[in-house]
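Everything on this sheet refers to the single structure shown next.
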Ligand SMILES: O=P(O)(O)OC[C@H]1O[C@H](OP(=O)(O)OP(=O)(O)O)[C@H](O)[C@@H]1O
Ligand SMILES: O=c1cc[nH]c(=O)[nH]1
Ligand SMILES: [Mg+2]
């Protein structure tokens, strides 16, 4: 396993004995969108493969980010926009209001890059959260949210939704900033974290590529892909 190094150094098993919902139970949740795209399934297999190098892994996270962005932006509001073609004046559309992307550092960085390929004009609001691997509590260590907030929607992006603690904290921080419409976008979710996030924030949409089986005793998603931050940045 790619992450045995970090897992086995710990003495605590924070998820041992904690009841977890099944996949079937959380599949009924409203506002949860799970990709059914075959290209996504293909890329996910390469992401999970422990033989995929960091360079390839980062590239795949970006590509999956672009696919997820395409799905998560399908319901954005438009406004009419008049332009001149080379032949005549016509009315088209443009996205109504600004779009924000909040990558949850570090692992959210690749996903945010993929998002920006689809929405290059999006503002990027960096938010650093680190999960304490013994307690599984997230700690905020960096915050570059601007003072002026004028967005149609903000997407909190992070590949892994494990216990849900980091995602819940990120959405709380965005709500305290006054953001009215928020979506969470992730690559792999565990049923436990998906249920927690959905219960804590029933007013947000949650877009993921895949729903995995469960968290192991260390709080890692299985089958999962290991540590998404370490795999993107080569810090094993
Ligand atoms: O749902 P949770 O139990 O909160 O776990 C998920 C969080 O853990 C990982 O980040 P990590 O804290 O390892 O930081 P990193 O991105 O710097 O590796 C992941 O990218 C999420 O942010
Ligand atoms: O499986 C997991 C859980 C938390 N963070 C990760 O990067 N992977
Ligand atoms: Mg990590």
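Note that Cβ sites are derived from N, Cα and C of the backbone, with glycine treated the same way.
According to TrEMBL, the 5-phospho-alpha-D-ribose 1-diphosphate binding site annotation covers 106, 131, 158, 159, 160, 161, 162, 163, 164, 165, 166, 227. Annotation comment: TrEMBL describes 221, 226, 227, 228 as uracil binding site. Here TrEMBL flags 35-235 as domain 'Phosphoribosyltransferase'.
Feature map: annotations from TrEMBL on the structure.
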| residue | record | contacts (Cβ under 8 Å, 6+ apart) |
| --- | --- | --- |
| 106 | 5-phospho-alpha-D-ribose 1-diphosphate binding site | 128, 229, 232, 233 |
| 158 | 5-phospho-alpha-D-ribose 1-diphosphate binding site | 103, 104, 107, 108, 111, 166, 167, 170, 184, 185, 186 |
| 160 | 5-phospho-alpha-D-ribose 1-diphosphate binding site | 107, 186, 187, 188, 221, 224, 228 |
| 162 | 5-phospho-alpha-D-ribose 1-diphosphate binding site | 131, 136, 190, 192, 193, 215, 219, 220, 221 |
| 164 | 5-phospho-alpha-D-ribose 1-diphosphate binding site | 192, 193, 194, 195, 196, 197, 200 |
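Among the residues 106, 131, 158, 159, 160, 161, 162, 163, 164, 165, 166, 227 said to bind 5-phospho-alpha-D-ribose 1-diphosphate, no two Cα atoms are farther apart than 17 Å. Under 6 Å, Cβ to nearest atom of ligand 3: this is the test, and of the binding-site residues 106, 160, 162, 226, 227 it is passed by 227. In the shown protein chains, 22 other C-beta atoms lie within 10 A of the C-beta of residue 226 (uracil binding site). Less than 6 Å separates the Cβ from ligand 2 in the case of 160, 221, 228, drawn from the binding-site residues 160, 164, 166, 221, 228 in sequence order.
According to DSSP, residue 227 (uracil binding site) is assigned to coil rather than to any helix or strand. Annotation note: residue 160 (5-phospho-alpha-D-ribose 1-diphosphate binding site) sits in a strand segment as assigned by DSSP.
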